[in-house]
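Student: Can you keep this structure in mind? I'll have questions shortly.
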C-alpha cells in the first residue's frame, strides 16, 4: 500500500505541474515548457508530414525521439510530457526492484525510490518536457536485465540506450568485466564431472606409485628411465606451453556471456544507425553523434571549460583543441574506476557518470539526471551519517545558486558577468569534487555476484551474522 501511494502521489504531483505549466505558457511571459520540447514536437511535425526530423534546426537527437512524441502533434501537445513522467515512475520502480534484490528492506527501498521520484530537479526536468527520463529508463532497464541474467534482452536494451544517447557506452566496460566466473557459475553437471576426473587422476597416480615401489627403489634401469623422461619433459619447447596457456586464458576471458553481450548490444546499435543512415543520410550521423564530439558551445553553462570556449569562439582551431582535450580526464577516470570497481557495477557506473558530467565541456541541469537515477542504488551502501550528505547537498545547491544568480544578471539584466559565471562554475566544480571524494571514501564496496547469484550488500550479511551470534 505504501508503495502504491508513493507512486500515485509522485505521478499526481507531476500531473499538476504539467497542467500548471500549460497555463503558464498561455498567460505569462516567462514560459514553463523547455525549448527542447518545442524542438521535439517541431521535429515530430516534420516526420508526420513524411519529411526528415532534421529539417528542424537544432534537433540533435535520434529520430526515435521524434517518433516517440508523434502523438503530441497528432493527438495532444501534452503527450510527450506525460510520456516522460511515466518514464520517471518506471525508473523509480526499477530502483525499488534492484534494491530489494540486494537485500535492502522494503522501507529503505521505497525511501531510496523517493530520492528519485520526489527530486524537485527531476520533476522539473520531466514536466517541462525534457526527454532525459527516457535515457535514464533505458539505462536502468538494461542494468536490471543484465544483472538478472536476462542477457539477450538486456543487451538489446543497452544497445538502444547507447543509440539514444552516446554516454552509456562507458557502462559497457564494467558490465563486460562483471561477466566473470562469479556472474555465471558452472552447472552442477560440470562440477561433478570435474570431481570425477580429479578422483580418477588421483587413483592413477596412486597406482603408478604402487607399481614403482613393487619394482624396487634400487634398480638403476628404472632410475635411468625416469631421468630420461624428465629430460624429455624439460626439452619440450617452453614457447608452445606458453602459447597454449595464453590461448586458454583468452578463451576463458572471452566467455559466452561476454561475447553475447558485446555482439548483441553492438549489433543492435549499429543496425539502428544503419537504418537511420539509410533514411536520413549523413545529417543523422552528424546531428546525433559527431556534433556532440566536436562542438565547442560558447554559451554560458556549468562547465569549467565554458570561459575558455567562450574566448576561443572565433578561433575554431583553438576551440576544437580545447573540446577534444576535455575528453582526456573523462576517459582516464572512467578507465580507472572501471578497473578498480567493476565487481560492484552499479557503483562503478555511478562514478563513471558523475565524472563524465563533472568534466564535460558542456554541463546543463538535464545532465544531472544521468547520475541522479543511479544515486539511490548506492545510498544504502554509504557509511555517511545524516549530517554529512545534508552538508554536501547544501554546498552543491549554494554553489549552483551562486552560478544561477550570475547567469540571471547576464541574461535578464544585460550585465557582463562572463568571468564571474566562470568563477562560479569553478566553485561548483570544487563542490562536485568534494561530493565524489566523500562518496568514494564512505562507500562500502560489495561484489554483486558470487557463485552465479546476486549477493546482498556485504554489510547487510554481516549484520545478520552478528544477530545470529547474539
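Backbone N, Cα and C define each Cβ position, glycine as well.
Heads up, TrEMBL stuff is auto-annotated, nobody curated it.
Just lifted these from TrEMBL, have a look:
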- 1-18: signal peptide (SIGNAL)
- 73-96: transmembrane segment (TRANSMEM)
- 129-146: transmembrane segment (TRANSMEM)
- 152-177: transmembrane segment (TRANSMEM)
- 192-237: region 'Disordered' (REGION)
- 193-210: compositional bias 'Basic and acidic residues' (COMPBIAS)
- 211-226: compositional bias 'Basic residues' (COMPBIAS)
- 259-280: transmembrane segment (TRANSMEM)
- 321-342: transmembrane segment (TRANSMEM)
- 354-379: transmembrane segment (TRANSMEM)
- 385-404: transmembrane segment (TRANSMEM)
- 416-440: transmembrane segment (TRANSMEM)
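How buried are the listed features, and what sits near them?
Tutor: Counting same-chain residues at least six beyond the ends of the transmembrane segment (129-146), those with a Cβ under 8 angstroms from any Cβ of the stretch are 33-34, 36-38, 40, 61, 65, 68, 80-81, 83-85, 87-88, 90-91, 94-95, 97-98, 122, 153-155, 157-158, 160-161, 164-165, 168, 171, 175, 261, 345-346, 349, 366-367, 369-370, 372-374.
Long-range contacts of the transmembrane segment (385-404) within the same chain: residues 302, 421, 424-425, 427-428, 430-432, 434-435, 438, 442, each at least 6 residues beyond the stretch ends and with a Cβ under 8 Å from a Cβ of the stretch.
Same-chain neighbours of the transmembrane segment (416-440): 300-304, 306-307, 310, 351, 354-355, 358, 378, 382, 384, 388, 392, 395-396, 398-400, 402-403, 405-407, 409-410, counting only residues six or more beyond its ends whose CB sits under 8 Å from a CB of the stretch.
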Student: Cβ under 8 Å, sequence separation of at least 6 from the ends of the transmembrane segment (259-280): give me the contacting residues as numbers and ranges.
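Tutor: Same-chain residues near the transmembrane segment (259-280) but 6 or more away: 52-54, 62-64, 146, 151-152, 154-156, 158-160, 162-163, 172, 175-176, 179, 288.
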